[in-house]
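Contents: one structure, followed by commentary.
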Amino acid sequence: MLSSIAFVLMMLNFPFPGLPTYLKIDFSDVPAILATLLYGPVAGIVVEGIKNILHYIFQGSGVPIGQAANFIAGVLFILPVAFIYKRLQNTKGILFSLSVGTLIMTVVMSVLNYFLILPAYTWFFDFPVLSSDELRTAIVAGILPFNVIKGLIITILFAIIFANMRPWIMNQRKAFK
């Protein structure tokens, strides 16, 4: 069920002003974070995977580069929740783990976009090949701020959700263990 909700939220995306229009913000990581909190890291990864498979089935363009990038970014973002929240089980723990997730997602996705993802778009979709300087500019002006902004927005949104659902989440965690 959380995967279905994540898929619907992924479809409700929007570009962020000032960033390239192909980078779209969505809230589909929220159900994956919830799954991670309730059932562990594997559940969060499964939600991320199913969400992206469904997105590819319904919106795919032949080669699932965007979905693969979204899956990797989502996993990088949610995994710190699984490991940090285990030790800091409060709102500060959520905020800290999602902040760490934002940092990890931003750094790793910047590197992956430079070496793998953006070059894959040029290879598979016959886009013009970008020089090293153009790649660096695309990452510094687009990818990096996008991941920071997306991470901050989802962190704030999930912190609000968590503050309101914390007793229920704690009961569900106890019931699952």
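The backbone N, Cα and C atoms fix where each Cβ goes, glycine too.
In TrEMBL, annotation is done automatically, which means it is predicted and not curated.
Predicted, not measured: the structure shown is a model, and the values here were computed from it.
The transmembrane segment annotation in TrEMBL covers 6-23, 30-47, 67-85, 94-117, 137-163.
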Recorded stretches the transmembrane segment (6-23) and the transmembrane segment (137-163) touching, at least 3 CB pairs under 8 Å: yes
Leading stretch by Cβ pairs under 8 Å, where the reference is the transmembrane segment (30-47) and the options are 67-85, 94-117, 137-163: 67-85
Remote residues contacting the transmembrane segment (137-163) - C-beta distance under 8 A, at least 6 residues beyond either end: 16, 19-20, 23, 25, 27, 29-30, 33-34, 73, 77, 91, 94-95, 98-99, 101-103, 105-106, 109-110, 113-114, 118, 130, 169
